[in-house]
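One structure below.
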Amino acid sequence: MSQSVSERTRIKSDRYESGVIPYAKMGYWDAAYTVKDTDVLALFRITPQPGVDPVEAAAAVAGESSTATWTVVWTDLLTACERYRAKAYRVDPVPNSPDVYLAFNAYECDLFEEASLSNLTASIIGNVFGFKAVAALRLEDMRIPHSYLKTFQGPATGIVVERERLNKYGTPLLGATVKPKLGLSGKNYGRVVYEGLKGGLDFLKDDENINSQPFMRWRERFLNCLEGINRAAAATGEVKGSYLNITAATMEEVYKRAEYAKAIGSVLVMIDLVMGYTAIQSIAYWARENDMLLHLHRAGNSTYARQKNHGINFRVFCKWMRMSGVDHIHAGTVVGKLEGDPLMIKGFYDILRLTELEVNLPFGVFFEMDWASLRRCMPVASGGIHCGQMHQLIHYLGDDVVLQFGGGTIGHPDGIQAGATANRVALEAMVFSRNEGADFFNNQVGPQILRDAAKTCGPLQTALDLWKDISFNYTSTDTADFAETATANR
């Protein structure tokens, strides 16, 4: 017969003695723990404070991200405390990083509200990053179990349906961000959209910080963009679009802008990561209900994703955003102006595009994970790329990607349409050569393919001449722990 509550509360043991005892002794460390299929797993990179045992640091993170507080509380005995305690079950030293460890923690699935990214993150990252026992802490990876994953809707549209709508297969999609980001009038903004789409791009895009400022209110931007889209589609016979940024101060205003975009004929809208998890999930539900494609700009992510020892690895954001329901997310370029180690970027793209993940330590993927029926998310490569890098972009990123050439389109000396044409010709020439078996990534072959294509395309020749020496060869701050890799454009 089970014990009554009064009987249980009288039990005395080392674990339930009043006062402060180590987290590991409170039950948050269990080296013999057998991981269940239904457990949420989290991998933390932990730098303990001097003198703090790494096992105790891992147990502290497990405790403070689940049920623990700083002292023993008797009300634990009123719960299924053994079940609800997170368990740190493995601690490994990080190669070539003294006093830094990888801690594997397991969480009972019932600790989290179904389909709530806000609740999941409130536990996993809510309190532990300011914990004094650790000098630095980074969430490196997570495994979301099938049972919990199925409560999320996933991307509203997905890669396959998007390609069906565009009737475009076997090649990356092309886009550009309107530049300058801020200051254009609505009429001039719409002209940029028209010129870029008519020149051969599939998409134009608002930048992260264009919302509804005094120089151009959102309705003015939306209307002029749709005019440019419709005129370019009529002129080219292709399906065209522009990511209309509906990010706003309140969800009421976000929905208002989304409904207006739909009413005037847009088939896609855009939001920023800085909106927050609840807002992202909310508009993702709206996008699915209204058959709209949802583009996410990762604005603000590097404030907590870039540093190697503290914050949240972007691969975790990729998982969270795919669960939340976005169709596109900016995920790095390798060769552009933004942070991007080749192996890390490939890992991000795998997380967004694969239906099943296998452990791949060089790519930073630490857990097997089945994405169940959640659709795939299209990565977007944007930031400091140009047509002269086309062979590198296709090699590193593959076909299921949107290549966004902002300055690499609008900065063309002969105008926006010429810049778009240069990118379209470069892409088609490289894809054709690849399909014919050319060793296009070879630094002798790839550039020659572009030079040959430029013989019959003046805009491409001009672009190659202008940007031929432009590259961003900086060492990444975040690199693989289990493989050596170069970040250079090669």
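We number each residue from 1, going along the chain as drawn.
Placed from the backbone N, Cα and C atoms, the Cβ positions cover glycine too.
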Same-site substrate binder from ARG217, ARG298, ARG306, given that Swiss-Prot records ASN127, THR177, LYS181, HIS330, SER382
ARG298
For HIS297 (active site, proton acceptor), the three-state DSSP class is strand
Of the recorded positions ASN127, THR177, LYS337, within 10 Å of LYS205 (Mg(2+) binding site) (CA to CA), in sequence order, we find THR177
By CA-CA distance, flag whichever of ASN127, HIS297, LYS337 among the recorded positions is nearest to ASP207 (Mg(2+) binding site).
HIS297
In whole Å, could you give the widest CA to CA gap in the substrate site formed by ASN127, THR177, LYS181, ARG298, HIS330, SER382?
37
How long is the line from the C-alpha of THR177 (substrate binding site) to the C-alpha of HIS297 (active site, proton acceptor), rounded to the nearest angstrom?
11
From GLU208, HIS297, LYS337 (recorded positions), the ones whose CA sits within 10 A of LYS181 (substrate binding site) are GLU208
